[in-house]
Every structure is written in C-alpha cells, then in structure tokens.
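Written below as structure tokens is the structure these notes are about.
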Amino acid sequence: MGLKSFVEVQLNSQFPLENLPYGVFRTSPNSEPRTGVAIGDYVLDLSVIASASLFDGPLLKNSDCFNQPNLNKFLKLGRPAWKEARATLQKLLSDTEPTLRDDASLRQEALQPMDKVEMLLPVAVGDYTDFYSNINHATNCGLMFRGSENPIKPNWFCLPIAYHGRASSIVVSGTDIVRPRGQDRPKGNSPPYFGPSRKMDFELEMAAVVGSGNELGKPVDVNEAADHIFGLVLMNDWSARDIQGWECVPLGPFLGKSFGTTISPWIVTLDALEPFVCDAPKQNPPPLPYLAEKESRNYDIELEVFIKPAGQEQSYAVTKSNFKHLYWTISQQLAHHTVNGCNLRPGDLLGSGTMSGPEPGTYGSLLELTWNGTKPLSLGGVTRTFIEDGDEVIFTGYCKGNDYTVGFGKCSGKILPSPS
C-alpha cells in the first residue's frame, strides 16, 4: 500500500505523497511566482506553509527559501535541508496529521487547483551542459555518419562527452518554439543554403538539476556527487540536424541547438526516485579512478514520446525508452564536470544526452527513428521524417511503484514557422 494523503490522489496520479516534486507557479499573469509541490491535482503553496511557521525543523525554521521566485535558494541549502523539507511535507499532507487537514482557511489558501495555475521555470538556470552519454544513440549516430568500422570514437568510452549549451533559451513545458534559421552544407559548387531548418528534431533527454554546487577549484568526488544533485526533469533538447551537421566541426553544436531547450516544470527529487534505483550498464574499459563509483546507480524511469501532427487532435506514440540506458551515470557526469575545478551552482542543468533504447521503436530522436529521413513514420494518415510546423512534441516519464506512480508530468512544445 502507498502512503495516504488527506488530499484526494487518484490511483493513476503521477503526484502521490511518495513523489512531492518541486516547481514554481503563479495564480494569474500579474501575480508573483511562488514555490510549490505537486500533490494529486493540487499545488501546495510553500510560501503559505512557511508563513504559517510549519517548516519547524532546525534547518528551515528561520529560512526564507520558500518566499523566493525560484527554488535556487532552497537548492543551495543542501541535502539535509531537502530531506527535512520532504519529511515535513509528507507529514503535513498525510491523512493522519490534523494541522493542515483540519484548518479549512489555511487549507484553502495553501492548496491551489493545478489546472488554475501557470507553471514557470522551477529554477534560474545559470549554466547548462549537455552530455552525450547513451551508447545506443552514440552508436546509431556513428553508423549514420561515420560508418560501421568506427561508429564510436575511443574517447567516448573513457569520459562523459559534453558541450556547453545556452541557458538563456531554456523554456518551460508548453512554450512554443520558433523554427530556427541557419546554414546547411552546400551542394556541389553552390554557396551554403540559408533559411529555415529542414530537419527539425526532438531529443528525448532528462536533466539533472544541480543542488548545492561546489567552489571554484574544488572538484566533487564521484561517490559524493549525488549529494550535489537535487533531482531530475524531463528535457527536450530540440535539434536542427541540418544546421548542426554543417556547423559542428571543429567546435561542436551552436545554432543547431541554442534556439530552444524545453524542460518539464516539476523537479522530481532523488529521494523520491530512490525506490527505483537500478544497476548502471557495465563500463568497458573500467573508468579511471576519479570516475570509479563504489555503487554505479541508474534509475528505472519509463520514457515515452508522442507527436500531435499539425491540425490534428490526436497524438501518436513514436518511441518508448528508459533512463536506465544511461551509460555514464549522473554522478559520473557531475564528477567529470568538476574534476578540472569548474564550479557548478544551484539551478545548473546537466542534460543526460539522448536516451535511446537498443532497438527501433526505442530510439530517442527522429534522426534515429527515420534513419536520417530515409524511413518515414506514419502518424494518423500523415507521414513524418522530421518535425513540421504546427507539430507538437510531448514527452512523459514515470516510475511504477507498488500501488503508486512517481511521475514527471509532461514536457511539451509546438514548432512555429520561422519568421519570413
């Protein structure tokens, strides 16, 4: 049996008492952003709980971290404070605790119907790094562009490959994305093509949200790295494959990626994901000592992608994958990121890389699903090789427990036409 809250939580809800993901919301377009957690079909306003002095533990009692427009100040407090908050909230929302349950006016002020609020970015993202840590995706891309003799370069197996992304264009789920313009490789002796991308794609990713960070010049030990990660979100790292392919040598992605990255509004904490820990894939060759974990852990998170074609009401499932396919774990990613002394800060995002499974139907991008446009997908009477204007892409993610589900909500975005 799952935990029971006095707030009604449907059996198929992604937000039971076992979850309590954190987000930021507002009740009207002109109202101030507030911090909250999801419970059932409601958002619990943490500023109201804090103002009522219900965070009475030693670490949060005198803190104003929940009276902020984002979660960064709370994240900075570190894992002991996160655990204290989770214990307090699980107690307050349980069906046996009268403090909030039996106070009608406080309950009405603190619990906002989820369908009446607007969700915002949960953190102020100072920096964003995107990793390339899924062996199936790396293999597929290598087969397409380098051939079968050497699909993955040797360094990939020695370190978590990554590039520095653009934090300013990270947006919350539901935000439209304008089709980017840029160059594509020339044909023959012609100059490069310039115009709207003709190969718009999604990338099925998750992102680790950095918590307490580290000081400049002080690396984080790989076996302590999880204490610096607050939780995970769904992430669509939109990609203009044609622009990216022409520009990426020698310095990597730029305009083919920086036009937009979408994340889900709810951060599911590592504490909520603890029951769904699973073994990470065996790494061969064994990682260098600074990346060698005493316990190599991934998370069993079911991931699914739907596309709602332009002009249609129905959305169609195009792939199913799982976060457990991550080759380099989130702890290894963070440890590698800091080994040179780089400082991470609360709210920074670490993208996992495209989460492809081992076979067709589990690939995490249209590039792979259509094999670079050579195998169109059928979606309710229309076909797609890449994303068309007006198409909406929807990610979902969840973990199945005993009589409960820990979910991430959804991560969605619609592609709008490029401006003329």
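Along the chain as shown, residues are numbered 1 onward.
A Cβ is built for glycine as well, from the same backbone N, Cα and C atoms used for every other residue.
Just so you know, TrEMBL annotations never went through curation; they're auto-generated.
So that you can see what the record holds, here are the features copied from TrEMBL:
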- H137: active site, proton acceptor (ACT_SITE)
- D130, E203, E205, D237: Ca(2+) binding site (BINDING)
- Y132, R146, Q244, T354: substrate binding site (BINDING)
- D237, K257, T261: Mg(2+) binding site (BINDING)
- 18-122: domain 'Fumarylacetoacetase N-terminal' (DOMAIN)
- 136-394: domain 'Fumarylacetoacetase-like C-terminal' (DOMAIN)
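Taken as a whole, the domain 'Fumarylacetoacetase N-terminal' (18-122) shows an average pLDDT of 98 in this prediction. Annotation for the binding-site residues Q244, T261, T354: lowest Cβ count within 10 Å of the residue's own Cβ, Q244. Among the binding-site residues listed here, namely E203, D237, K257, T354, T354 has its C-alpha nearest to that of H137 (active site, proton acceptor).
Site extent for substrate: the farthest pair of Cα atoms among Y132, R146, Q244, T354 sits 18 Å apart.
With the fewest other C-beta atoms within 10 Å around its C-beta, R146 stands out among the recorded positions H137, R146, K257. Rounded to a whole number, the C-alpha distance linking K257 (Mg(2+) binding site) with Q244 (substrate binding site) is 7 angstrom.
Cβ environment of D130 (Ca(2+) binding site): A162, Y163, G165, E205, D237, K257, G351, G353 lie under 8 Å away, each six or more residues apart in the same chain. All protein chains shown were included, and the count of other CB atoms within 10 Å of the CB of E205 (Ca(2+) binding site) stands at 28. Residue counts for the domain 'Fumarylacetoacetase N-terminal' (18-122) under DSSP, split into helix (H, G, I), strand (E, B) and coil, are 40 helix, 22 strand, 43 coil. Excluding D237, K257, T261, which define the Mg(2+) site, the same chain contributes D130, G165, R166, E203, M235, N236, W238, S239, S258, G260, G351 within 8 Å (Cβ to the Cβ centroid), listed in sequence order.
The Cα of E203 (Ca(2+) binding site) lies closest to that of T354, out of the binding-site residues Y132, T261, T354.
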